[in-house]
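Novice: Just passing along the structure, written as structure tokens.
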């Protein structure tokens, strides 16, 4: 197997990723990671709102369950939003009133009793006139929420309302949305049970016990339709009849959990539902991990909050803080048993009853009880006595409650299976590399390799010889180890690379490169080849990618039609590297005249100015006409100063200013000179006229 392939380092990364992928998804109780995810998913908009009333309720309810102080910071905006709907119940739907009332309940918003009286009347009117399950759900739920906020709410026709909702049920435990619906729904069953629980709570008298018993039977039938995975996870799902109404397993399971826990809270007696199904639902919601949408986050967290404390069974979650253990570090196997929100479990024992290999073969069936650390609430066991080697294993645990009364309160699921990964140092023995002359293996040169450190071998061969590489890999318990990836790379000085997989047998890894059969693969390129060796596996703590040295290979001349080496890929980042130094010689400056000559010509440029001064003296310039009054004298002074500024500007232009800058300044000075010059000349003209008149 030869040719251009990705570097061995990339293969090592892929090996590690693939090996840990199957054990990375762990069922763990709700943690700070869920709180951080909720804060990100329920981020308010720029105006501080979460969208509609339903989204606002889901946000504040999730924050409340998770104990996040953030929901307090949105109290004002959310209460104001809810109050707007409650203030006009006649124009608001039962759904909007339902969510507005629940927002007020979660945040403790101050709502006037008179406002609630109008809302109650509106919701009771909806109950009286509707045959829609959703309208029943919103109206009854709204009334119940108002009652829970301390108001005296009684549903006088509770018996008839109960029967109206029950009339929509089906024989398989599911419900229809209204009398005109042909299809029944599991999601509808959840909201129906929640509505029935609300009716029982609002009733002014006890609801017929026989009807309560019928609903309990419906719940048992509903749980007969539950679906499951092989790992003990249970969930509810809809029949995808209409894509617009399909809710998906998360919303459907959440609806059933809310309905069942709400109904069992108001009904006497215990439901005949197996504890492993309640535990399986908890595993389903925890198995979601960190949800990707706000809706899923709300359904996950609220469902788990109902499962945390319910009258059916409280699920106990067995989890491993770490699923990777090192034989080198002598790690301990640690197991936590808590509720879904991480609360401490009642007194119990955890036993490791079985260890299975990656092929499901039983490694050991010795029953070992884990010790309990009360300070850290962790059960632990040393893995060294288990005599398990590196690799992937399935550990089967059994939880037993110490108090018999707890058997009817908590669900442990019996046996729990957790996948773990064991790592260790792999010993590399009998590593040799050499050049042989024939199939019999007569070697011309052979060198021992110490692959625990960098090795520099120097080999030479021609096309009639063979390169042989052999070695053994042994696990900490002395078993033969077969890693996922073993490669030998030969890199020519022209950057052409060849990668070879080293095959392994039961005892030894051995690679033989027959250069005679590989001349075309090597593109007839003679010269120096760098040798690089890679061994990688997720269970191997000392995986390595190590240079071995070099090989001087002498191959025959390439025939005319021999394949050419492939063009080498250009590093896309090479254009950002240092550039070659630019060598440039400027031309020699032109020869200039002597300094004395330059000064002489500079003096000649001053002759016109000197002539100007002589002319002024010859003409007899005087200050007789300079204005004597303060105002005209000021304008005359400014005019002469402006003339001086123009002359100074000419000097600056000669020394440092460019043409455009000089013209800009000259424009401003010209406007100034026109103004003050006009005032000065007007005064002189007026004075001259007065003298002539006198």
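The backbone N, Cα and C atoms fix where each Cβ goes, and this holds for glycine too.
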Novice: Among the residue ranges 572-596, 597-621, I'd like the one that TrEMBL describes as transmembrane segment.
Specialist: 597-621
Novice: Please figure out which one of 31-308, 316-421, 586-685 racks up the most CB pairs under 8 Å against the domain 'Ribophorin II third' (430-553).
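Specialist: Selected stretch: 316-421, with the most Cβ pairs under 8 Å.
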Novice: If you run through the domain 'Ribophorin II third' (430-553) with DSSP, how many residues end up as helix, strand and coil?
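Specialist: Looking at the domain 'Ribophorin II third' (430-553) with DSSP, the answer is 4 helix, 70 strand, 50 coil.
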